[in-house]
Protein chains: 2
Amino acid sequence: MESNLSLFYGLSFLTAAIAFLFALYLYLWVKKVKVQNKRIEEVSKLIKEGADTFIRREYRILAAFGGVVSIIILLFLPSPIWTGNVMMNIAMALSYIAGTVLSAIAGKIGIIVATLSNGRTAEAAEKGLKPAFLIGFRGGAVMGLLVVGCSLLGVAAVLMITGDTTILLGFSFGASSLALFAKAGGGIFTKTADVAADLTGKVELGIPEDDPRNPAVIADNVGDNVGDVAGMGADLFDSNVAAASSALVIAATLSGNGLDTISMVFCYSLLGLIASVIGIATAKVGKNGNPTHALNSSTYVTTAVFMVLTAIATAVFPGFSWRIWGASATGLLVGVIIGITTDYFTDDTKPIVQKVAHASASGPAFTILSGVSYGFVSALPAMIGIAVSALVAYNLCAPLGDGFAIFGIAMAAVGMLSIVGMIISNDAYGPIVDNARGLAEMGGLGEETIRIADELDSAGNTVKAVTKGFSIGAAGLTVISLLGAFMSEVNAALAERGEALITGFDIMQPTVFFGVLIGAAVPAVFSAMLILGVDRNAQRMVSEIHRQFNSIKGLREGTASPEYGKCIDIATTGALKELIPAGLFAILMTLVVGFVAGVEAIGGFLLGNIVSGLLLALFMSNAGGLWDNSKKYVEAGNEGGKGSNAHKAAVIGDTVGDPFKDTAGPSINTQITVVSLVSSLAAAAFVAFSIF
Amino acid sequence: MESNLSLFYGLSFLTAAIAFLFALYLYLWVKKVKVQNKRIEEVSKLIKEGADTFIRREYRILAAFGGVVSIIILLFLPSPIWTGNVMMNIAMALSYIAGTVLSAIAGKIGIIVATLSNGRTAEAAEKGLKPAFLIGFRGGAVMGLLVVGCSLLGVAAVLMITGDTTILLGFSFGASSLALFAKAGGGIFTKTADVAADLTGKVELGIPEDDPRNPAVIADNVGDNVGDVAGMGADLFDSNVAAASSALVIAATLSGNGLDTISMVFCYSLLGLIASVIGIATAKVGKNGNPTHALNSSTYVTTAVFMVLTAIATAVFPGFSWRIWGASATGLLVGVIIGITTDYFTDDTKPIVQKVAHASASGPAFTILSGVSYGFVSALPAMIGIAVSALVAYNLCAPLGDGFAIFGIAMAAVGMLSIVGMIISNDAYGPIVDNARGLAEMGGLGEETIRIADELDSAGNTVKAVTKGFSIGAAGLTVISLLGAFMSEVNAALAERGEALITGFDIMQPTVFFGVLIGAAVPAVFSAMLILGVDRNAQRMVSEIHRQFNSIKGLREGTASPEYGKCIDIATTGALKELIPAGLFAILMTLVVGFVAGVEAIGGFLLGNIVSGLLLALFMSNAGGLWDNSKKYVEAGNEGGKGSNAHKAAVIGDTVGDPFKDTAGPSINTQITVVSLVSSLAAAAFVAFSIF
């Protein structure tokens, strides 16, 4: 059968270029808006400087880490350099570096645009909701387009140049390892500042959020950028690359049936990007409109466009299969369903958030207990959704031939992630309008402007729940297919040694079971390490804030300025110190289990890791969102409103939820992906050198 | 080979009889101690009445539930009554009933002895630590001996009479289903009262624990009995029966090698009981001795005696294997190691508890965050311990022949549970001395007596951590072997239908994976339902306590008595209402997955359930113990001591931890066992009727 692959390589580059051009247009559109308020310009500059400093220092550490890993890769992967093809090792190391660099660039540009948009959004809010929404959204969209464009470009380039999917895993590992640390570092930074600012400001001093007297307020705004823009962007860049890579690794092992699977992966990915471009271009709030609706409806537009475009492509191109289209559509639909059910648990117009708010009236212990409980319950529908979509995708594609079933799961993940450009735009919109709210407060723009900024901010929080459901679901499907990729790598290594291939991982085998138990404990320990990082760091910052209020005269009255820089320093130094250990722990556990107990144990290890990781990620993200919104619900005047006992309890819940939802929960995704990729890359080494 | 089975049936009955006689002796020994303080007698009577009322009402509900289940069993198990042997169905239903009744009897007698011992322990504390310890410990030992005696008697009788191990699973299911609800009901009762008493008494009113002015104080003491004595007894009865049953189910499928595996199971079980008798008989505190040491050293005596006795038996009897002895010894040793590592996370002389106490000084959010984090971390060593012991036991026994490997894991569980008589004694000691402390306070026995009672109580809390590690570890190994039992049942059903047997459950099969994801979510939802039960119920009780303080004149000053009965009523009614849904949810999910997706999905479902269940059980038990002890650490004068902000935060942590460690955490064990047994019992039905 004639493959259209070169056509799709070309189209992939073209689409990436279109996305970059569109991003550039949006960037210039945002940039040409004039900033007039001096105070806002000044504060905005402080935020930008803080974010730049952190990113510079973080990237320096990550560059060192990446350098060490590149050398290890050069020496040992895909096979020890003295035994195999030197060029392959060089290609692997280079593609690893390319993965880290592209991820870093996307993060850096995201921050540039976000810190450019925040002040402009704040000022535009003086004119009304419509213009402010558009600046915030378009600022976020630059990030969305860049991330997906870089991902498509990188994957297509690496595969076209090397023609080897194992090397593609190296690229994906580069993206993942950067994401792991960027997410952890940014997550610790942002929650350190947020928690410390809330506890001292709201709880102890009773001053409003974003009050300029609070020494942590700039650090808090910096955190939104480094955590929610750069960290989240790296995270979704990673997911996107991993989903495409695992689909391609599996596709490369498929043959027969006249199907052009590799072309299909690229075609669907690029159509997803085009759908996102259309969704982004059409996003706006109507008159008296509601920004939540605007964000959600552009998500639905993207979804529909993607399904239609892929259906057309499937009809037009020879070698495309309707069954695979079905698998990818299933993934996307289930993603939407997971998003909607997740929303049920975290939306303050729905009963769950109100119940937690009501429980808060009896004291903080009840806030925590009910939030933890509903957080656990909320995991069930998403777990069922992932399970069902995997099962459907598998069975849809199984009739196509050997190995197609697991390819179906990979394509469900690709489908779920197809609209990731749109998702990132929505996600990055959040920190921009959050910053804008802070700037409106600090710039003294008046109550009506703050109210509009609040409305924009609240929309950001609501869609966040939906997009998080999406990204966790997609990560779940991706790692299931990475399990398939791992098995392919193991069998390739076994075939080379002339040993018997494995057909799967039987849980009745004790080594598999052994791996499952240990793999399941890893995400728990990993997230605990991150939370403890925030915990320690926030305690340091709280002490610093106390010191400033005690030693700077006039600070409480607003006649003197706090030393914002000190707080930014504490957040930066602390985050950088805590950023490596947790990720390293996960990687080392994988290597220890693999070299001690072999590939069967790693199969189990990955399963345990995926399952407990998904459970904990869903639990933490949803419980955190639930607490956040139930605090807002109380602040809106329910259960006694601001200052009541219920409010105090709800604030404690929100503080507990902060590192759950913005540090540990989303990092678990990346942890699972990294561990899966490490396993695939080290598969041959495990086969050759494991003790048992 | 000639089997010594009839010998061991005889010896099992003899050992059970010895245990019962010894229990009777201890009971009479406790009973002959005279109670002189009228106030103590009066309060003790109130506690006894409350506990009796609850147990009566609970058992009435459970009898109705058990009746329905017996009819279902009679009609459908082991095969539909119209297709198979009617006598088998009758035997199955009867053995199910026997399991529930024996469990209920053990619980009921445990409460009789505990409520008899508490007042006597309090009065003895006036004379000193030594006599008080002995009463408390021997009261608990009655329960320990009864539970293990009943278990051995029941298992031996059912197997001797029916000769069918599937029927034995019915007996085990009876024990489990009663335990599931007794544990849930008792756990909800006790924590409802405990949480409400603490929040209103300690936090709001600033009155000491067990102050007689608190309307919830009697309910709190009743809760110790129905939750920690009756519930825990049912739980460990269940684990013990399940471990022996799964070992016997697997043993029945083994043949060849001249090994007498069934005899070995009985021999090891009865030697465990004898070792416990010896351990109990030798337990005492020396002069100026420390009750924690006394409890721990009798546990170590029991462990050593068990290992020596089983070694002798292995040497003496033909058909016993050293490899199997090794597996069982491994289980026991790993149990001890898990206990010790668990202790590290919950002992207030060790750094973790102190760190959480220190974090509390920065506010309750930090108490929660650090406790949750260390709770997650604490799961790792235990998971590794279970994984390693399963792997070692498997590999030790694999050379013995087909199927022996999984039998090795079952024997590791039997080994870990061999000393369960001792463990229950230690566990039941806890609520007795806890009650005694309350009675000393309410009876006005003076500060020195309360101090002694406190010391006894604190020892109870410390050893609890160790015993909980043990029981979770044992449950882990038991359910791994139940997975083997499930596969045996599936293959028996497949063989009967002439279909191909299965050799395991491959995680690359999507139905297995589907099961894993859903099974993993079940313990999370199950525990959430229990916690929400406590949450709702405690809020009702808090309102009632507020009502009493507002409407009863002189209550605050201590000149009028509170209406204790109202609080007991609320706890009782609430617990009974919340007791069925969570357990039913777990059972129904199993049946739905089994009938929809078949036995492969159930294999995955059990794996997911075991893994996430173990993780959550360890997390919840340890985090709860950690918070409890860090509160005590602060109360001992650290971080500002009583009344400080750190203390308030630590009390909130303790309140969150209460339902974690005493309601949800320990119930998860039982949930896992029940689900495993339901799967095994319904295996044939799943094979015959599943949709996919």
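Counting begins at 1 with the first residue displayed.
Each residue, glycine too, has its Cβ placed from N, Cα and C.
Automatic prediction, not curation, is the source of TrEMBL annotations.
Listed in TrEMBL:
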- A:K464: site 'Determinant of potassium independence' (SITE)
- A:6-30: transmembrane segment (TRANSMEM)
- A:61-81: transmembrane segment (TRANSMEM)
- A:93-116: transmembrane segment (TRANSMEM)
- A:137-159: transmembrane segment (TRANSMEM)
- A:165-182: transmembrane segment (TRANSMEM)
- A:265-286: transmembrane segment (TRANSMEM)
- A:324-345: transmembrane segment (TRANSMEM)
- A:470-490: transmembrane segment (TRANSMEM)
- A:511-534: transmembrane segment (TRANSMEM)
- A:579-599: transmembrane segment (TRANSMEM)
- A:606-627: transmembrane segment (TRANSMEM)
- A:668-691: transmembrane segment (TRANSMEM)
**Fill in**
Across A:6-30, A:324-345, A:470-490, A:511-534, A:668-691, the most C-beta pairs under 8 Å with the transmembrane segment (A:579-599) come from A:668-691
**Item:** Sequence-remote partners of the transmembrane segment (A:324-345) [C-beta within less than 8 Å, at least six residues beyond its ends]
**Value:** 259, 261, 264, 268, 300, 303, 306-307, 310-311, 314, 352-353, 374-375, 377-378, 381-382, 385-386, 388-389, 392-393, 396-397, 400, 407-409, 411-416, 418-419, 462, 465-470, 472-474, 477, 618, 622, 625-626
**Request:** Count the CB pairs under 8 A between the transmembrane segment (A:668-691) and each of A:93-116, A:137-159, A:165-182, A:470-490, A:606-627, then give me the winner.
**Result:** A:470-490
**Message:** Are there residues at least six beyond either end of the transmembrane segment (A:93-116) with Cβ under 8 Å to its Cβ atoms? List them, or say none.
**Reply:** 27, 30-31, 44, 47-48, 51-52, 55, 59, 62, 66, 69-71, 73-74, 77, 139-140, 142-143, 146-147, 150-151, 153-154, 157-158, 162, 167-168, 170-179, 182, 225-226, 229-231, 233-234, 237-238, 241, 428, 431-432, 435
**Request:** Compare A:6-30, A:265-286, A:470-490, A:606-627 by their Cβ pairs under 8 Å to the transmembrane segment (A:511-534) and return the stretch that comes out on top.
**Result:** A:606-627
**Item:** Surrounding residues of the transmembrane segment (A:606-627) on its own chain - C-beta under 8 Å, 6+ positions past either end
**Value:** 342, 345-346, 352-353, 356, 367, 371-372, 374-376, 378-379, 382-383, 386, 461, 464-465, 468, 472, 475-476, 479-480, 482-483, 486, 505, 515-524, 527, 650, 653-654, 656-662, 664-666, 668-669, 671-672, 675-676, 679
